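Worksheet: one structure, shown below.
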Amino acid sequence: MLQAKAGQFFSSGHTNNWAVLVCTSRFWFNYRHVANTLSVYRSVKRLGIPDSHIVLMLADDMACNHRNPKPATVFSHKNMELNVYGDDVEVDYRGYEVTVENFLRVLTGRLPPSTPRSKRLLSDDHSNILIYLTGHGGNGFLKFQDSEEISNVELADAFEQMWTKRRYNELLFIIDTCQGASMYERFYSPNLMALASSQVGEDSLSHQPDLAIGVHLMDRYTFYLLEFLEDIHPASTANMNDLFKVCPKSQCVSTPGHRTDLFLRDPGNVLITDFFGSVRKVEITMETINLTAPMVKVTSHIKCYREELTVLSSRTKG
Amino acid sequence: MGLLSDPNRRRALTKLLTRLNAPICVMCYLAGVAWFMGLAFEPFTLRTYMSENAMGSTMVEERFPAGERALATGREFAAHKKKVGGMPVDWLVKTMQSRGLEVFTQSFTRKLPFPDENKERYMVRGTNVYGILRAPRAPRTEALVLSAPCSEGNNNNQAVGLLLGLAQYFRSQIHWAKDIIFLVNEHDLIGMQAWLEGYHHTNTTGGDWSPLQGRGGSIQAALSLELSSDVITSLDLVLEGLNGQLPNLDLANLFYAFCQKIGVLCTIQGKLQRNDWDTTSGYSHAAQTMMLMVLKQASGRPWGDHGLFLRYHIEAASIRGINSFRQYKTDTTTIGRLLEGMYRKLNNLLERLHQSYFFYLMPSLSRFVSIGYYMPAFGLLAVILLLQVLNLLVYVGIIDSFLLSPSVLHQPSSPGVLSILTPVVISHMTGVALYTLPILSQEMAVQHFPVSETEAVVLTAIAIYTAGLALPHNTHRLLQGEGTEEGWRVLKLVALLYLAVLLGCTALINFSLGFILALSLVPIAAFITPHTPKALSAAIMVLLSPGCTLLYCVFVFQELQETPVSLQDGWMLFLSVISQGILDHALYGSLVYPLLALLIYPCWLLLWNILFWK
């Protein structure tokens with residue numbers, strides 16, 4: 001039983017998790033985009049990814065906006081149950097630093113040497129990366145901060161650069177904007193899975209207004225995504241097919257889309273926690289190690305963990 | 001060969017032009033009038049909608065509770081006002097300070113050029129009191145204004161009470177991103193002019209006021225409140241400002257949206273909206289509302305205290321509470337909630353209101369006609385002038401000489417420059433006399449005739465206006481010799497071009513004024529010649545002169561307001577309109593009186609000269 005679970009643990013091939021969460025719009029009436037991003041941030045942190053592995057980019061400060069009747073809070077639900085801003089939010093790129101250039105530099109790693117670690121995506125070829133974008137978008141573009149746009153071609157090229165530089169093992173791309181599906185149309189690198197809140201020609205709608213604060217608090221897709229993620233805990237076995245079912249047309253009004261053709265594994269075998277959580281890989285061994293014995297040359301014990309995996313799986317099968 | 005380069009075709013074209021000139025002009029005129037009247041027909045209008053994204057919908061929770069307390073404050077204000085016999089400055093300062101505002105006062109004096117008989121004032125001295133509610137967390141870069149006038153008698157006490165009640169309520173909120181200035185101005189427009197000039201450090205009309213000690217950043221929007229009863233049945237929105245300037249349509253849309261949300265009856269021009277647009281009475285109702293707006297805009301005077309803000313690019317409107325005989329009454333708490341909602345939405349603004357239209361006409365509060373739709377009506381009238389110009393150019397020979405080959409060049413006998421220049425100069429000098437003499441000579445008139453100063457000014461103006469009619473006979477006494485046939489054509493050419501440019505520029509700034517002047521002046525400009533029957537033409541010209549147009553507008557305005565007046569009362573009203581126009585120009589810089597006296601009247605005199613050309 002334990003060995004079967006072990007098999008499942010090593011099936012994804014990643015050793016660490018990263019998340020890049022971006023909110024691209026500013027101004028008070030775009031409160032919901034910041035709330036979207038903070039909700040995903042909250043879930044991702046809760047499931048185990050530490051701040052050092054999260055690059056959070058928020059284009060505007062809603063919590064301390066002069067118009068916020070509840071300063072230092074960002075709510076996701078009109079009953080004010082969930083303050084997604086919390087006490088320990090760590091924003092890496094804030095305000096005017098959230099630009100297309102900075103976003104692409106974070107993804108590709110081409111940052112000036114003076115950039116601090118917290119602003120870098122220090123992923124390697126065994127990293128699973130979650131990328132979440134939200135804001136105002138259109139057919140083939142996403143608007144950054146009212147003055148510039150990122151196109152789907154640029155994004156696809158950035159992912160290709162990441163693949164060439166072996167900066168990710170698998171990548172999950174979620175976008176909650178109008179006509180979001182257009183943003184993943186041009187991907188061509190392997191091991192990319194993408195979800196979007198609406199198809200080309202559809203608008204993503206906001207969920208609920210809050211009369212006390214005076215703005216819409218969340219977008220529909222992310223609201224139901226948050227509801228879904230609240231049920232996930234680090235040991236849950238929910239897989240990607242459940243994520244694809246989040247927010248059907250009856251709830252979202254728009255039709256969420258997804259793309260899995262570039263992904264090498266079957267989505268049914270991909271756990272939610274492969275991307276949203278940071279599940280520690282535990283190596284189960286049956287050998288006992290005698291710690292009192294004198295030191296032996298270590299090199300003989302160093303094997304590629306893949307070898308061990310095959311050995312272990314052959315052992316369990318046999 | 002091309003249309004214009006083939007001489008035969010050109011000749012045919014010019015023959016067509018001259019032959020069909022009169023019918024085309026008549027058709028254009030009728031089309032222009034029909035287009036204008038058709039603007040009020042509902043399928044040709046657009047429904048109003050909020051254009052500003054930052055303001056969004058009416059998604060806000062209004063919680064203003066203290067309507068009764070506001071009324072009590074209003075009664076206190078009334079009592080102090082009666083005790084002091086004017087504006088109770090000390091009480092207002094103390095009350096505003098107790099509500100946590102930063103209070104400042106501004107004193108001003110103004111000597112009118114002649115006594116104002118409508119409001120019975122001549123030497124005006126007063127004080128404005130305003131309190132600034134500082135935004136709790138924001139830098140002091142932007143502000144919103146809520147003002148209520150301090151009027152005499154029992155007017156607007158409830159407005160001041162509600163203003164103070166809202167000030168107290170707003171003070172306890174932390175979500176204000178702009179400073180809010182609560183202003184109580186004395187002597188309505190004169191006080192408001194002094195305050196605005198002091199705030200913006202300008203002095204365009206020569207008033208005397210003390211500088212403002214406290215400021216709040218650049219003003220984004222302003223509302224002026226007029227409320228004279230404890231309960232109301234409807235709220236009236238007043239948009240027309242100085243020189244016919246209108247606030248951004250989004251402000252009217254915001255007001256309408258909140259009235260719908262809260263369930264208060266709202267009107268524009270005092271008329272309630274009707275749903276039966278396909279019936280004649282429904283259409284005429286919408287047409288009447290639109291005509292009222294046109295007449296108010298054409299008068300160029302500010303129809304509420306908000307009217308002076310517009311000049312500084314501050315979107316402002318006046319909200320007037322009306323208590324009529326209706327079953328359903330709205331109390332002060334509800335009005336307070338409506339204002340709270342509007343201010344919360346204006347608070348969300350990031351830039352000045354600019355997404356919606358600045359030039360529009362409203363046949364009802366939920367329908368509007370934008371400049372792109374109403375300008376063709378004026379364009380059709382202006383085309384008549386241009387067609388007449390082309391016609392004259394053919395006659396004078398200028399067009400033919402370009403079109404025909406050089407060997408057949410037609411040498412026109414050019415009239416002397418003096419015979420053209422003289423009428424122009426004399427007409428404009430009469431205009432200058434009409435502009436300056438009434439005020440300058442009021443003392444002399446009062447000494448010689450048993451009239452008051454105001455009557456002296458107005459009657460002098462009318463006298464100069466009528467004296468201008470005698471000019472042509474006297475001009476020709478000055479000039480030796482007879483004018484030529486070519487002479488009057490060139491003069492008419494000059495007059496037509498002048499009128500076209502004048503009316504065009506006026507219509508761009510104040511469409512209503514331009515259109516009304518065009519309606520009366522274009523027919524006479526187009527068809528007047530020395531050869532038309534003199535007595536009939538003279539009568540028509542006088543009947544369509546700017547002065548008489550003003551008289552008709554007064555009568556039509558009274559009709560539309562459902563208070564028709566007799567001839568006698570109408571005449572007295574006409575005289576007071578003239579005096580108000582002169583006062584508006586002197587006090588606030590309204591441009592209607594100088595436009596009519598210095599530019600339109602001389603143009604009409606030129607045409608009168610043409611009629612009596614010898």
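Keep in mind that glycine also has a Cβ here, set from the backbone N, Cα and C atoms.
Any TrEMBL annotation is an automated prediction that lacks curation.
According to TrEMBL, the protein carries these features:
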- A:HIS136: active site (ACT_SITE)
- A:CYS178: active site, nucleophile (ACT_SITE)
State the Cα to Cα distance, in Å, between A:HIS136 (active site) and A:CYS178 (active site, nucleophile), rounded to an integer. 6
Sequence gap of 6 or more, Cβ distance under 8 Å: name the residues on the same chain that satisfy this around the residue listed as 'active site, nucleophile', in order along the sequence. A:HIS136, A:GLY137, A:GLY138, A:SER198, A:GLU202, A:ASP203, A:SER204
The number of other Cβ atoms within 10 Å of the Cβ of the residue listed as 'active site', counted over all protein chains shown, is 17
In three-state DSSP terms, the structure that A:HIS136 (active site) belongs to: strand
